[in-house]
Amino acid sequence: MGARASVLTGSKLDAWERIRLRPGSKKAYRLKHLVWASRELERYACNPGLLETAEGTEQLLQQLEPALKTGSEDLKSLWNAIAVLWCVHNRFDIRDTQQAIQKLKEVMASRKSAEAAKEETSPRQTSQNYPIVTNAQGQMVHQAISPRTLNAWVKAVEEKAFNPEIIPMFMALSEGAVPYDINTMLNAIGGHQGALQVLKEVINEEAAEWDRTHPPAMGPLPPGQIREPTGSDIAGTTSTQQEQIIWTTRGANSIPVGDIYRKWIVLGLNKMVKMYSPVSILDIRQGPKEPFRDYVDRFYKTLRAEQATQEVKNWMTETLLVQNSNPDCKQILKALGPEATLEEMMVACQGVGGPTHKAKILAEAMASAQQDLKGGYTAVFMQRGQNPNRKGPIKCFNCGKEGHIAKNCRAPRKRGCWKCGQEGHQMKDCKNGRQANFLGKYWPPGGTRPGNYVQKQVSPSAPPMEEAVKEQENQSQKGDQEELYPFASLKSLFGTDQ
């Protein structure tokens, strides 16, 4: 605590402890507030050692001020404490935090007005970083590209080869350069000569197209007038530095040869990026255990190398990013809907594929399995085990609905028999629609007979008993008729022997 509290000593510490936290409040600043401010600065990745000087506190105030509108109350309290400390370092006589903030605003406003007045009175000067600068005589001269820029470019090519990020790197390092500077950058590359040959072919094609669309003027040029640049002039092979400067800086009909040449280089770099990145965006798929964040990084890196318009790239992002994700992430992304932002997708899929997500899926699977064991599947096995010949879905005897048995039914319990509805017996003892055997007992409720009984009803081969009795009665009636009329036929001559 001693090191943190040593920001103020002596008279400054006395002045710090006399300042009130709020107007009219009895509470004043103490050493603990300095300790707290130091810890908060470390939490915000700022250097607490800057609190020891007025310049350091001013830097901290400028750094924290943009975040005040959306910051928390702790951040606002930290900014107020630093403002009070800034006033103490500058020996301003203040009584509370509100006066310190007002004093800070007054000083900053007066400083800005003084700087604005100074800019109006001082002549404007051309930046010395620009390759074409104005010398003391007011002439436009060329400033050679610095060795540091060349070194940064060569290192980028050696480390990144021709990945998609090499294009914005080239655009940043060649800002405002003339063709002479750009050729210097290209000649500094030692390797990748095959790729550079492809780049030269693209430059030659663009130069030929420029000559076709911008034919040179016929006849001699007027005295003092410079010729118009050709394709080879823009490429820097047939033009001098002075001509390139004049074409770029002349007032009327200026031609920015450097910018035109940079566009040609970018076209060639796009082909080289495609050549060094043969993977198509259609082949980028998320692995089963790959984090969604890594998959998004690979997706956008490959998308950056695609030779397509921005509309096509937007369509690829909206369609393929979700389509090529793994099943776990795809299920989450489809639930978010098509209007979800990339931030929402990454937050929703955070942790998918990791041990926590796997444990969660396993717990859900075990919970559903236990639920099934308590209800549906066990009920199916139990009910079908009683009658293996039954076909179709299971049906509840209590409510009459399919899909569960009466044991798991949530409807109110029926009273009496589940089959006929009468009270006094159970369904297993119900005699409604059932047949008794020779012992006077009824068959099982399933409708099947015991195993030692014939399962199908055997149809008898003999005629029914009623037909046999009728036939005997008919024969007896015929015998009576024969005895009543013995002489009605020749049969009576021989008696009953015939």
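Cβ atoms here come from the backbone N, Cα and C positions, even for glycine.
Going by Swiss-Prot, these are the annotated features:
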LIPID     G2  N-myristoyl glycine
MOD_RES   S146  phosphoserine
MOD_RES   R413  asymmetric dimethylarginine
REGION    7-31  region 'Interaction with Gp41'
REGION    8-43  region 'Interaction with host CALM1'
REGION    12-19  region 'Interaction with host AP3D1'
REGION    73-77  region 'Interaction with membrane phosphatidylinositol 4,5-bisphosphate'
REGION    187-225  region 'Interaction with host PPIA/CYPA and NUP153'
REGION    215-223  region 'PPIA/CYPA-binding loop'
REGION    276-362  region 'Dimerization/Multimerization of capsid protein p24'
REGION    447-483  region 'Disordered'
MOTIF     16-22  motif 'Nuclear export signal'
MOTIF     26-32  motif 'Nuclear localization signal'
MOTIF     460-463  motif 'PTAP/PSAP motif'
MOTIF     484-493  motif 'LYPX(n)L motif'
ZN_FING   394-411  zinc finger
ZN_FING   415-432  zinc finger
Checklist line | Tertiary contacts of the region 'Interaction with host PPIA/CYPA and NUP153' (187-225), as residues 6+ beyond its ends and Cβ separation under 8 Å | finding: 150, 153-154, 157-158, 161-162, 231-232, 234-235, 260, 264-265, 267-269, 271-272, 275-276
Margin query: Need one number: mean pLDDT over the zinc finger (415-432).
Written below: 77
Check: Could you give the Cα-Cα distance between the residue listed as 'phosphoserine' and the residue listed as 'asymmetric dimethylarginine', in whole Å?
Finding: 93
Checklist line | Spatial neighbours of the region 'Interaction with membrane phosphatidylinositol 4,5-bisphosphate' (73-77) far in sequence, C-beta under 8 Å, 6+ residues away | finding: 40, 44, 64, 67
Check: Is the residue listed as 'phosphoserine' helix, strand or coil when read with DSSP?
Finding: coil
Checklist line | Residues in the region 'Interaction with host PPIA/CYPA and NUP153' (187-225) grouped by DSSP into helix, strand and remaining coil | finding: 22 helix, 0 strand, 17 coil
Next item on the list: Could you tell me which three-state DSSP class R413 (asymmetric dimethylarginine) falls into?
Entry: coil
